[in-house]
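TrEMBL annotations:
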{"type": "BINDING", "residues": "His41, His68", "note": "heme binding site"}
{"type": "BINDING", "residues": "His213, His218, His234, His237, His238, His292, His296, His312, His315, His316", "note": "Zn(2+) binding site"}
{"type": "DOMAIN", "residues": "6-85", "note": "domain 'Cytochrome b5 heme-binding'"}
{"type": "TRANSMEM", "residues": "165-181", "note": "transmembrane segment"}
{"type": "TRANSMEM", "residues": "193-212", "note": "transmembrane segment"}
{"type": "TRANSMEM", "residues": "277-295", "note": "transmembrane segment"}
Amino acid sequence: MEPMTAYQLRPKTVAKHCNEHDCWVIVNGKVYDVTLFLDKHPGGKDILLSYAGKDATAALEGAGGHEHSKYAFKLLEEYYLGRVVSQEENLIDQEKRLAEADTKESVSKLALNVDNLVDFQKPLLPQVGMLGELYDVWVHSFPTTDHTVALFPNPLLEKLTRCKWYVPLVFWIPIICYYLWYLISRGDCSLEAFGFFSVLGYFSWLLFEYVLHRYVFHMKTTSYYANIFHFLLHGHHHITPLDSERVVFPPAPAVLIASPFWLGMPKLLGIVKGYSWLFGFAVGYLCYDMTHFWIHQGAPKLSFLKSQKRRHVIHHYREPQMNFGISNPFYDIVFGTLVKEGKTSPVNCTD
């Protein structure tokens, strides 16, 4: 079952995207992410920012003394995310979609107000486990526009779930440099071998990132502990994607995930090839973390990062089952999960 709210965004969700790093506007009932258009706007970005998170229909239709051309409206479609719906419309759609999924009537009624399924003033992990089959619906329904939520009742555990953007760099770069020095000091690592296996390691990371994001981060869960595991791993990020301290992976879980590769590849490929492969894999990981942080928290200037931001915004707010590549769209292209702008047929979007 697809997330119910794909292509449908409530005004309170739009209102949160109201700065130069994350600027959405509403025009004729449709939502547009114009963050990457700010610097291109002929009238200057300040005018657009004055409507950030708000309805700009009147302004585009001439209320401010300047009626925009048909070309302007056509250009705007490049930044389309979905349509804005009232709370009532949203609830009706959720009930309909649950009914189509053969969900029990009692469950359908419970799902009508996703905002009230949990108490956001309390730690969420114990609560999401109780959502059962509703969890997958809830986690993709933008039930809160808060910048952050509490996960654990324990303050220490809660602190361990947070991570400043630079911590992975501080933690991993010295380790990467040490093993790079170790390879060089051995004297038996050719530049050709290092280059080949480093590139192989980098593309291995891209595949690992894609598989992890598609099949683990977006698996559908229904049981108590599975819901908790998923929310801790990735679900919380879809609830509060603007939380700057929960965008990069903290070192502790990263070490757990990396250990089998770090211990296994030198044995599988040999010291030189194995550590060369790990160099590319580790660089790929850092590129992933930094790209993920920047496309959520910044306004990229480079065209590649701009396109990555656009793809990832679509993943979060329009097509959660597409655009899984974060640092690079290579495997989305290979496996056919890349959204092709202009060729998508929004299921729930009608003029």
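Cβ from N, Cα, C; glycine included.
Unlike curated records, TrEMBL annotations are generated automatically.
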Residue with minimal Cβ packing [other Cβ atoms within 10 Å] among the binding-site residues His41, His213, His238, His315: His41
DSSP-assigned states of the domain 'Cytochrome b5 heme-binding' (6-85) in counts, ordered helix, strand, coil: 30 helix, 23 strand, 27 coil
Lowest local Cβ density among His234, His296, which the record lists as binding-site residues, within 10 Å: His234
Cα-to-Cα gap, His41 (heme binding site) vs His213 (Zn(2+) binding site), nearest whole Å: 34
Rounded distance in angstrom between the Cα atoms of His234 (Zn(2+) binding site) and His68 (heme binding site): 41
Same chain, 6+ residues apart, C-beta under 8 Å of the C-beta of His68 (heme binding site), given in sequence order: Leu60, Glu61, Gly62
